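**Q** My questions will all concern the structure given below.
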Ligand SMILES: Nc1ncnc2c1ncn2[C@@H]1O[C@H](COP(=O)(O)OP(=O)(O)OP(=O)(O)O)[C@@H](O)[C@H]1O
Ligand SMILES: [Mg+2]
């Protein structure tokens, strides 16, 4: 048991044999009885400990029991401690203590009646313990009130986030849907006018490609939302299979070549070494596509480099661009959902890096960024072999 679990009692008497006798009467295994042979010693102890009760001998050389009690009542720290005076005098002396009648003050008379001493001390000790218990309960109550408040704030925050999320998603879906709708209106008009020239092979091909892109962007958005809700509910799972990274990178870069050409960006791939591991190939592809799409989007059209390196512990894919880069302050933020460094709208929901990092971590790996603002950014994906 720690000292805090004991009830501390103070007894003050100039005669050591009196202290010993009193100690014998009141001691118990859950109590610590401190003894002082003078008012001065008692004051020292009073400043160091919290006492449930002080039993003071009235007649002492130097500072007597009343003077000590006076000092105790005058000090905030000791004001509330109940005092029991021990005196040899008769009951008429009680009148002299009127000044203390408001506090918990009591009297014992010499010679001490053992049963009376015991029961008096027990009363004060149990009062003290009850008061402490109430204090503890009030504190616990206050703590749960604060926790409740924190939960409430968190709840409001997530409600607000959900609202923001829904309006962002609505906006992001609306843009491609509006375009598709306009296209169909136009086609309808052309058909009504029997203007088949508008549907010649070349125009039709461009139309189909355009439609495909709009639809693709909506599918991607919905997939991202499904991923976010999986991550949030802890249901994101990966299906690892034998995956070879240099081939995979080759394929991704070639798949993105149209997009790269449209952005006027040259992607170079430096991945000569075969690097095989047990990873979820689709998820790894998703991470790298996210990084490359960002590099095309935010890389200012400057060349982008993809590198594959490996050591015995992990494979590392780096996607480096020469765009504006990311400020130190934004480098943490961009991995949070819906966080975007710039203020531009319409480019995306700000989910790509959040999902990518969660996917990397689901593989036991990591996704980090290294960037000096103004000098491009390098995103580093590490995938452990084990
Ligand atoms: N290569 C980069 N260079 C500069 N800034 C970047 C780069 N990649 C990401 N960012 C910043 O980080 C933000 C978050 O990126 P993230 O991929 O998570 O979202 P997004 O691209 O805005 O939207 P989404 O990927 O959901 O379509 C971006 O909005 C951009 O401000
Ligand atoms: Mg992105």
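Glycine is no exception: its Cβ is also placed from the backbone N, Cα and C atoms.
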**Q** If you look at how TrEMBL annotates this chain, which of 124-158, 159-193, 194-228, 229-263 comes out as coiled coil?
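**A** Comparing 124-158, 159-193, 194-228, 229-263 with TrEMBL, coiled coil matches 124-158.
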**Q** Using DSSP, what is the helix/strand/coil residue split across the domain 'Response regulatory' (8-125)?
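**A** Residue counts in helix, strand and coil order: 52 helix, 26 strand, 40 coil.
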